[in-house]
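Per TrEMBL, the features are as follows:
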DOMAIN    142-419  domain 'Cas1p 10 TM acyl transferase'
TRANSMEM  162-180  transmembrane segment
TRANSMEM  214-232  transmembrane segment
TRANSMEM  244-264  transmembrane segment
TRANSMEM  284-305  transmembrane segment
TRANSMEM  335-355  transmembrane segment
TRANSMEM  362-384  transmembrane segment
TRANSMEM  396-415  transmembrane segment
Amino acid sequence: GSVAKPHIIVAGAATWSIKIHNGSNEALTQYKINISSIAPLLEKLAKSSDVYWVLQDPVYEDMLSDSRKMITNEKIDAYNEAAVRILNSSSRNSKAKVKVFSVSKLIAQETIMKSVDGLHLPESSRDTNAMILMNVYCNKIMKPIDGSCCQPQPPLTLIQKLAFCFFTLSFIGYLIISLVHRNNFRKNKSITDLESGEEKKPAISTHNASTLEMLLHSFCKLGLIMTYFYLCDRANLFMKENKFYTHASFFIPIVYILVLGVFYTENTKETKVLNREQTDEWKGWMQLVILIYHISGASTFLPVYMHIRVLVAAYLFQTGYGHFSYFWLKGDFGVYRVCQVLFRLNFLVVVLCIVMDRPYQFYYFVPLVTVWFMIIYATLAIWPQIVQKKANGNCLWHLGLLLKLLCLLTCIYFLSYSQ
C-alpha cells in the first residue's frame, strides 16, 4: 500500500527451531512449510526493497552447553539448504529475487573459534557483515571510485543499444561485401582465349565498392576497440583493483622510457624554437608521463601531482600555440579547417560518450582544448585578419595583433572574475 517500505530487509531463522524441537526431522518438515508460506511475501517485498535471507552460522560443537548439543552443523546445513531451495524455486522470482546472504556463513567459519559459548559469534563478525551490507546498498548510490566491487552493472541505454546494433551491422556488412568481392574476383579472373591465345581482362570498376568496404572495415575495428573499452571499464567481467602508489611503480617506467628514448633520435631541418617537430616531441613525452601517472595512481603523492598539473597546463599551452602558429603562418580560416580540427579532437570522445554512457564533460581535457581552439580561431578570424605575410609588410599589423590579444585577455579576465 502507501506505507513506506524499508530499503533493506534482513531475515533468517532456524537455530531456535532446532533447539526447541530437539533437532527432530518433523521440525525440519514444518520449517520447509513455513518458508514456503512466507516466500511469496518476501518476493513481493523484494520488488520495492532489497530482501536478504541470512544463512544460519555454523557452531563450534565442542564448546556448546548441554542444552544446545542438538544444534549441530549437520542440522544447520540441512535447514540452510531447504531455505535456499525454496526461496529460489519460484518462477515469479525471476525479476525481484530474494538474495541469499551467504557471506555471513563464510565469515562465521573463520571467527567461530573465538566464540565464547560456541553459538554466538564475536562482535567483529557482526561488524564485517554490516559493512558488507552497507557496501552493497550504498555503492549503488554513491558510486565511489575505490569501492565499486558491489556496484551493479549499469543497464544499457537506448543510445548504447543503437551503437551496438550499428557496429554489428557494420561487421555483417563488411563480411557480406568481402565474400561478394572474393566471389567476383574468382569469376572475373583473367582467362586465356583459346583461339587467339590472349588474355581477356574484365574492365570492372570496383572503386565505390572498395571504398565502402574500407569504411565498414574501419567501423569494425572501431567496434572491436569500443567493445574492449566497455568490457574493461563498464562491465563487471574483470575484477576491480585499488591503486596503491609506490615510488618504484612511477619512476621505474619513466627511467625505462628515458633510456629507451636515447636510442631513438632523428635529425630535423627546423632551427626555430618551438617548431612543429620539437613541440610534438615535447607533447609525446608529456603523454607518456601522464599515462604512467594515471596507471600508477601517483595522484596521492603531492609532489608528483603538482608536477603533473604543470605538464597538463604545458600541454594545453602547446595545443593553443600549435593552432595559433598554423593560423599565423598559413592564414587558413576556412570552415574545412575548423571542421577538420573539431572532428580530430572530438570524434573518439563522442564515440566514447555514446558507448560508455558518459557525459561530454567527463573527458574534461577534450572539451577544454575544443573551447580554446574556437576562442583562438574566433580571435584571429574576425576582421582584420592578421597573418605573418601581411605583418611582414607593415609593422603596424603586429600592433593590431597585440591589440586583438589584449582584448581577448581583457574578456578572459572579466569572465574569470564574474559570478
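In case you wondered, yes, glycine gets a Cβ from its N, Cα and C as well.
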Hey, does the transmembrane segment (244-264) touch the transmembrane segment (335-355), meaning at least 3 C-beta pairs closer than 8 angstroms, sequence gap 6 or more?
no
Same-chain residues at least 6 beyond the ends of the transmembrane segment (284-305) whose Cβ lies under 8 Å from its Cβ atoms:
243-247, 249-250, 253-254, 257, 261, 311-312, 314-315
Would you kindly check 162-180, 214-232, 362-384 and say which stretch has the most C-beta pairs under 8 angstroms to the transmembrane segment (396-415)?
362-384
When counting Cβ pairs under 8 Å to the transmembrane segment (214-232), the leader among 162-180, 244-264, 362-384
162-180
On the 0 to 100 pLDDT scale, where does the domain 'Cas1p 10 TM acyl transferase' (142-419) sit on average?
87
